[in-house]
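Taken from TrEMBL as is:
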BINDING   C205, H220, H376, C380  Zn(2+) binding site
REGION    21-44  region 'Disordered'
Amino acid sequence: MCNSNVKSAGVAQIDGRPVLQPAGNRVATPEAARPLKKSLQKSLSMPASLDNAAAATTCAASPENTRAADFVRAAAASLLPPPTPASVSAKATRVSGAKVAAARTAAAAAAMGGLDRSRKPAKKGGAAVLPVVTFAGLEAYEPAGSIAAAQREHVAMAQAQRKMRIAHYGRTASFSRVEGKVSATATGAAELVAGAVTGHDEKRCSFITPYSDPLYVAYHDEEWGVPVRDDELLFEMLTLSGVQVGADWTSILKRRHVYREAFSGFNVDAVAKYTEKQMASLSAEFGLDLGTIRGAVNNACRISEVRRDFGSFSKYVWAFVNNKPLSPSYKYSRKIPVKTSKSESISKDMVRRGFRFVGPTVIHSFMQAVGLTNDHLVSCPRHRVCSSSA
């Protein structure tokens, strides 16, 4: 049976020798200049007739059949395209990469404590979604100093700061610190409250900051809000309040001695007698605005008129508040207004009497300075001092 199959394959002459040539292997030799097409390579890869011929040849034990079988295998191998170095190296790389990945996966699973298969499949839109199998603790792992770790830390810090701002919205920095300390422990609450009265550095009005000028801090702790009933000091604060418009109290306080020297210690009678020549001389000597000097001299003359009507400028001013300071009891600095209905009424009356630089905002600043209103925050120790001195 095997011999009949070999004979049916056919014999061909190659180099003068009879060689077994299967019928399915009779293919025209392609030209060397033109490469084979992919479809032709597939068709020539391994015909089924070659497998049958090789199987039939191995059945024979004669030398001729053995040589014929070897020739069939060689012919089949010659028809296949030779492997390129690139394909061989790519295949080796894939195999080695897969082995390395498998080894790393096994090592990570052993280090992290196995696979996390606790997630159940979820359904989205009626279709089941397969769970994602991850290593336990592998998701939270990030190499130290990586960009992702820095970004996560920055986002977490920003969220914490945002929550803190929301929690302490509307509170002053000093009030928040004291409130946090009081709520920290219930046993130390009495000690913190007792220490807040003596250590008022943390409890001053919120517009007094660690960067405030010491002169301004001293003015807040000793003069601002203290009831004043002396005419000369009232005249001084009225003048400084008018000059303070467009500037700040720190710069005015630093030049306070200049104003006192220019206006004769704010003696009402002496300033009311200033002539135009003296005003020009003071402006040139002390570098003061001539309009400011004229306004101060005019107000001194009006105060002299008020003295004749009310006996003193102090009685005239304190009559607007019934001789008792106003105490709004503000908790936050943002609640303190720049003018009030009371300052507007005082301003209208003073303008009617001929005073200058006495707008509602200036008068409200004047009222705060001379203690007509106690605008210290309730958390400030000076609030209690000014209230008791009234």
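Numbering starts at 1 and runs along the chain as it is shown here.
Heads up, the Cβ atoms here are built off N, Cα and C, so glycines get one too.
Just so you know, TrEMBL annotations are computer predictions that nobody has curated.
Of all the binding-site residues listed here (H220, H376), the one with the fewest other CB atoms within 10 A of its own CB is H220. When Cβ atoms from all protein chains are considered, those within 10 Å of C380 (Zn(2+) binding site) total 23, not counting its own.
Other residues of the chain with a Cβ within 8 Å of the Cβ centroid of C205, H220, H376, C380, the Zn(2+) site, are R204, F207, I208, W224, G225, L377, R382, H383.
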